[in-house]
Amino acid sequence: MLNLLYKEWKLAVHPTGYIFLSMGAMLLIPNYPYAVVFFYQTLGIFFTFMNGGATNDVFFTTLLPVRKRDVVQARLFTVIALEVLQILLAVPFAVLRCQISPTQNLAGMDANAALFGLVLVMFGVFNVVFLPLFYRSGYKTGTPYLLAVLAMTVVVVAAEAVIQLTPALKQTLDTTAYHPLQMAVLAAGVLLYAVLNLAAYRLSARSFERLDL
Amino acid sequence: MDALTVSHLEKRYPSFHLRDVSFRVQPGRIMGFIGRNGAGKTTTLKSILNLVHPDGGAVQFFGLDMPAHEFAIKQRTACIFGAANYYPQSALKTIAAVYRRFYPTWDEPLYQSYLQRFGLDPNKKIRQLSQGMSIKFALTLALSHHAELLILDEPTSGLDPVSRDELLHIFEDIVDREGASIFFSTHITSDLDKNADDITYIQNGQIIASGEKDAFVASYRKVEGRSEDLPPALKERIIGLHERKGEFSGLLRAADAAGANGLAVTPADLESIMVCTERG
């Protein structure tokens with residue numbers, strides 16, 4: 001598995017995957033829909049898969065002494081690394097945002113722990129739609145990406161709407177001040193992210209094992 | 001123990017059917033896999049390697065079942081499908097650095113010697129290589145981890161005659177020195193005339209011959225002469241009869257050649273056997 005991960009980072013990850021890691025700095029924008037900041041990384045992931053088509057990545061990899069499900073697992077770990085790294089790199093900017101400008105974000109949720117919980121769910125939904133659809137063909141990226149972004153957007157918009165329209169949630173989750181409920185949302189996000197990734201792996205591995213290359 | 005045993009392999013596509021494909025590659029031998037374009041060579045190779053899923057049949061490498069022992073089998077095998085047409089923007093040394101990690105038997109000095117032998121610059125990118133050089137790089141990777149079985153799809157097409165000859169000598173060397181086996185598909189039959197021990201011939205998804213090359217070639221004769229000298233009984237037996245301007249040429253089974261008195265009967269080669277068989 002380590003060898004496959006080495007291959008991913010040495011040959012497969014598209015440069016935008018690294019560039020979009022820095023998008024966390026956008027949390028410093030006073031009024032901005034912060035979920036969008038994290039959407040960029042799904043583009044980085046998309047480019048990595050799309051680039052794989054141009055570089056014959058699947059073909060090179062499956063001829064190596066590996067099982068097809070290992071190929072899926074290595075790619076999913078890489079995707080998770082890109083997503084989690086982006087979140088981790090965004091944390092200092094979130095802290096800084098609350099320090100230098102404690103005024104409320106008027107364009108959506110504030111940069112707090114609950115936002116990161118929501119972003120994890122958003123990434124989880126992206127992964128569970130995008131990867132299994134991609135591994136049905138091993139090369140088609142367009143439709144899987146569109147559907148994954150659509151699913152992700154529905155979830156984020158719905159969550160934002162519930163928070164904005166429910167006063168109790170708005171006061172506790174959409175604020176630059178700390179509230180324990182934010183940590184609960186983060187914990188739920190971590191849990192859901194893990195469950196969705198497990199499902200993404202199982203579904204993708206099954207599709208890919210069945211696929212004739 | 002055979003390096004590769006394929007038994008009753010079946011794969012059905014809407015417009016193509018691989019039917020009851022069976023053959024064996026013995027250790028220390030070079031087997032050529034011949035057939036015209038679209039006959040099922042690549043599909044067979046992909047089915048053997050579990051890249052496509054056969055609908056039936058069994059495949060064993062070194063006595064181990066595929067796909068149950070896929071991981072171990074692939075470590076002891078090297079596969080090339082044409083040129084190194086992957087990661088065009090990456091340097092050869094970067095790809096080699098990744099590739100070598102997957103093979104515990106990787107031999108760095110051997111790899112370096114092949115780079116030198118083929119005149120490959122490890123700092124070059126794949127996209128800077130010509131087709132021929134790119135095939136040589138794919139071969140360099142495949143040859144550098146002491147694989148016990150090399151499975152090569154069209155390894156010589158795109159190479160100049162000198163490089164082809166050089167490669168065929170390398171094949172002989174690997175078989176003689178390491179006792180490895182080579183199974184390679186090709187439509188350049190003259191390469192097989194030079195160094196194959198065995199031949200498997202596939203036509204329209206079915207194996208029509210598999211066995212020792214010399215015996216296979218010896219079972220046919222080329223025959224030619226004037227059409228008026230060709231007895232009707234013999235004409236019916238000619239495979240791939242071609243007639244023009246009162247002259248004819250074709251192929252006969254060795255057993256039928258006795259009746260060809262007065263005609264020019266010469267030993268057949270793989271190309272004439274393949275061309276006449278496909279002509280029907």
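Yeah, the Cβs are placed from backbone N, Cα and C, and that goes for glycine too.
Annotation source TrEMBL lists transmembrane segment at A:12-32 (among others). Packing against the transmembrane segment (A:12-32) from elsewhere in the chain are residues 38, 40-41, 43-45, 47-48, 50-52, 55, 57, 75, 78, 82, 85-87, 89-94, 96-97, 100-101, 103, 105-108, 111: each is 6 or more residues past its ends and has a CB under 8 Å from a CB in it.
TrEMBL lists A:76-95 (among others) with the feature transmembrane segment.
Positions annotated as transmembrane segment by TrEMBL: A:115-135 (among others).
Per TrEMBL, transmembrane segment is recorded for A:147-169 (among others). Within the same chain, residues 33, 35, 39, 42, 108-109, 118, 121-123, 125-127, 129-130, 133, 181 sit at least 6 positions outside the transmembrane segment (A:147-169) and bring their C-beta atoms closer than 8 Å to a C-beta of that stretch.
If you look up TrEMBL, you'll see A:181-201 (among others) marked as transmembrane segment. Sequence-distant contacts of the transmembrane segment (A:181-201) (same chain, at least 6 residues past either end, Cβ-Cβ under 8 Å): 72-73, 76, 80, 112-114, 116-121, 123-125, 127-128, 131-132, 169, 172-173.
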Tertiary contacts of the transmembrane segment (A:76-95) (same chain, 6+ residues out, Cβ under 8 Å): 1, 5, 8-9, 12-13, 17, 20-28, 37-38, 41, 44-45, 48, 111-112, 115-116, 119-120, 123, 127, 131, 197, 200-201, 204
